[in-house]
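**Student:** Quick one: the structure is below, and I'll ask about it shortly.
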């Protein structure tokens, strides 16, 4: 190695060390922290995959009281990883501890649907959880906190949390549809025989449920160095308008049928992707899918919903991608998932008011 190259390497190491030593740790909360999604998620956060390779982390882990012994085991494992960015791990069952001075909150924990449970009963139970957590964000967290809701029904849970924290900007709240986005991207990539990185600008519209609409009308596929419209790359319109959509919509159920457990590894990867893009921004010319506040959107989606849109992100602020052409096929599916979200919202807000 020449002297100039050697000096460049030393300089890079010095600059990283200065940044690492000078950066203040950020406080990141994960709820449902003793669960299987969190178990797949925490290592990626703690080693710098999400908030940056030079950003020290204080991880706050919240779960219900009966899960604290399990949480102690998770803490031991994080300690045993000997990760240089992980400055502190705080396990707790108390909201006043968990939500204090947060920079980021990843709300994974929610009430799962149990056998024989009506959907309205599930909504009622989760309204209570996310009303409480929204109030805790309002009372204890920084007003700049970025909140990602993962626990299902994620869109409506996110809306309830946002309504319960009125002094935190609605734009700071989002829900996870990146898992659906990644599923759609992967299905197209496998169909075309290309890496997933060669597929960009798929869109998930609407609810994180079986009514979601995976849309590839604006998707590009890079094949042999050329960007092709997805329909031209796949060359199977019937598949793209039929089996592709239903496969993405039903993928979570398929994983449960095969594993007897819900998606964990892929959900954790999607959470990392979502929060990393919020923190670092989206690549030029690309957009991703996120459930965000629908008010003042240009796609005729009803107001006051958390609805998944294509977004671009810069300086930790998302912006809905404007001006995309919507054909009749897409309009019908976008409206159907919006109808479901309106019904969920109205039921949940009634519980919130009560």
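Cβ coordinates come from backbone N, Cα and C, glycine included.
TrEMBL labels come from automatic prediction, so no person has curated them.
Found this in TrEMBL, in case it helps:
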ACT_SITE  208  active site, proton acceptor
BINDING   63, 126, 150, 151, 152  NAD(+) binding site
BINDING   113, 119, 152, 183  substrate binding site
DOMAIN    27-173  domain 'Lactate/malate dehydrogenase N-terminal'
DOMAIN    177-351  domain 'Lactate/malate dehydrogenase C-terminal'
**Student:** By the count of other Cβ atoms within 10 Å, pick out the sparsest of the binding-site residues 126, 152.
**Tutor:** 152
**Student:** CA-CA, which of the recorded positions 119, 183, 208 lies nearest residue 152 (NAD(+) binding site)?
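**Tutor:** Comparing Cα positions, the closest of these recorded positions turns out to be 208.
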**Student:** If you run through the domain 'Lactate/malate dehydrogenase N-terminal' (27-173) with DSSP, how many residues end up as helix, strand and coil?
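**Tutor:** Result for the domain 'Lactate/malate dehydrogenase N-terminal' (27-173), in helix, strand, coil order: 66 helix, 27 strand, 54 coil.
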**Student:** Among the recorded positions 113, 119, 208, whose Cβ has the fewest other Cβ atoms within 10 Å?
**Tutor:** 119
**Student:** List which of the binding-site residues 113, 119, 183 have their Cα within 10 Å of the Cα of residue 151 (NAD(+) binding site), in sequence order.
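**Tutor:** Cα within 10 Å of residue 151 (NAD(+) binding site): none.
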**Student:** Looking at the binding-site residues 63, 150, 183, whose Cα is closest in space to that of residue 208 (active site, proton acceptor)?
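**Tutor:** Comparing Cα positions, the candidate nearest residue 208 (active site, proton acceptor) turns out to be 150.
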**Student:** In the predicted model, what is the mean pLDDT computed over the domain 'Lactate/malate dehydrogenase N-terminal' (27-173)?
**Tutor:** 96
**Student:** Cα distance, residue 126 (NAD(+) binding site) to residue 119 (substrate binding site), nearest Å?
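**Tutor:** So the Cα of residue 126 (NAD(+) binding site) lies 11 Å away from that of residue 119 (substrate binding site).
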